[in-house]
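Database features (TrEMBL):
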TRANSMEM  90-109  transmembrane segment
TRANSMEM  132-151  transmembrane segment
DOMAIN    133-352  domain 'NnrU'
TRANSMEM  163-184  transmembrane segment
TRANSMEM  204-230  transmembrane segment
TRANSMEM  251-278  transmembrane segment
TRANSMEM  330-348  transmembrane segment
Amino acid sequence: MATSILLSSPFSSLPHLPKPQIISSRPTPIFPYLKHSIPFSSTRQLPLKPLRIFRKISAVGGSDASVQEEPLVGEDSAEFDLAKQKISSWIYFTGILGVVLLVLDVAWIDNSTGYGKVFIDALSGVSDSPEVVMILLILIFATVHSGLASLRDTGERLIGERAFRVLFAGTSLPLAVSTVVYFINHRYDGVQLWQLQTVPWIHHLVGLSNFISFLFLYPSTFNLLEVAAVDKPKMHLWESGIMRITRHPQMVGQVMWCLAHTVWIGNSVAVAASIGLIGHHLFGVWNGDRRLAIRYGEEFEVVKSRTSVIPFAAILDGRQKLPNDYYKEFIRLPYLTITALTLGAYFAHPLMQAASFRLHW
């Protein structure tokens with residue numbers, strides 16, 4: 001991941017000229033430096049906007065101040081324009097959210113009417129080991145979640161973007177709830193491998209790691225209107241904000257969350273959950289890049305060339321140039337909302353644990 005893309009052409013000074021000459025003021029494409037392993041296909045969706053790749057232009061004998069900023073090829077993540085929001089859309093979203101939660105409760109969560117407990121009991125019948133059940137829950141969720149994601153292009157062509165989003169969420173959400181609830185209820189089962197909860201500084205370290213992990217877990221606009229299919233769902237190619245640090249922030253956030261909880265709990269169930277979740281997200285790195293390459297082609301290759309999977313790697317080797325006002329890409333409503341929700345979730349841990357215990361899953 002440490003290879004860099006050539007973004008400038010060195011020019012030597014010209015001593016026989018009376019003054020420096022401007023070599024070019026027109027951006028020049030650099031397609032020779034792009035990978036061409038992904039062939040174009042007439043069936044592949046074309047990029048949503050023209051490919052914009054520019055060479056940095058400087059005057060002969062000029063300073064670094066004359067270098068033009070490299071424009072984004074992908075989208076600006078976490079962008080939120082309050083003036084473009086429609087009250088009717090958010091009213092519609094609130095109604096859909098209420099219906100979804102009601103159906104989820106009746107059809108899955110409520111033990112008297114739903115199938116969630118039946119599902120957990122069936123898996124628990126496979127093995128008495130909570131570690132095995134934990135791995136099975138994650139494996140089933142990962143197969144359904146990543147499998148449907150891989151079929152997204154085909155599914156959207158067959159039934160449309162909104163209908164496929166409903167199918168995707170309606171299948172993944174109950175499985176995710178079951179996995180989380182089972183983990184909460186059985187987190188202290190299994191074999192205790194170490195005990196660090198009495199170490200004075202460990203609680204603060206784990207809490208800080210969890211907080212930072214959620215800033216990675218939800219890296220982009222987190223457009224709730226798209227999630228609820230009020231707006232037509234899209235596959236986005238993000239390039240700003242947290243994406244400058246890592247191209248797969250959700251994987252990084254999940255790894256941080258898993259390591260923090262495993263250090264704190266220190267038993268075999270936590271280790272099993274971490275192995276399953278981290279493995280699922282590492283697969284998602286490969287699968288996500290593959291799907292973006294198919295959808296966006298050359299545009300994705302440009303974004304890939306100046307970002308990295310490992311956090312900060314592209315910045316350290318010079319492929320990613322942070323703007324001077326980079327901090328402004330985080331001072332946006334989505335990131336502020338994530339910060340507030342993360343703090344709220346921390347203080348709501350006792351409520352989450354009590355609600356999970358009452359389900360007896």
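Cβ coordinates come from backbone N, Cα and C, glycine included.
Automatic, uncurated: that is what TrEMBL annotation is.
Ranked by the number of CB pairs under 8 Å to the transmembrane segment (251-278), the listed stretches 90-109, 132-151, 330-348 are led by 132-151. Between the transmembrane segment (163-184) and the transmembrane segment (330-348), fewer than three CB pairs separated by 6 or more residues in sequence fall under 8 Å, so the two stretches do not touch. Packing against the transmembrane segment (90-109) from elsewhere in the chain are residues 115-116, 169, 173-174, 177-178, 224-225, 228-230, 359: each is 6 or more residues past its ends and has a CB under 8 Å from a CB in it. Within the same chain, residues 78-80, 82, 207, 210-211, 214-215, 218, 220-222, 241-242 sit at least 6 positions outside the transmembrane segment (330-348) and bring their C-beta atoms closer than 8 Å to a C-beta of that stretch. Regional average pLDDT for the domain 'NnrU' (133-352) in the model is 93.
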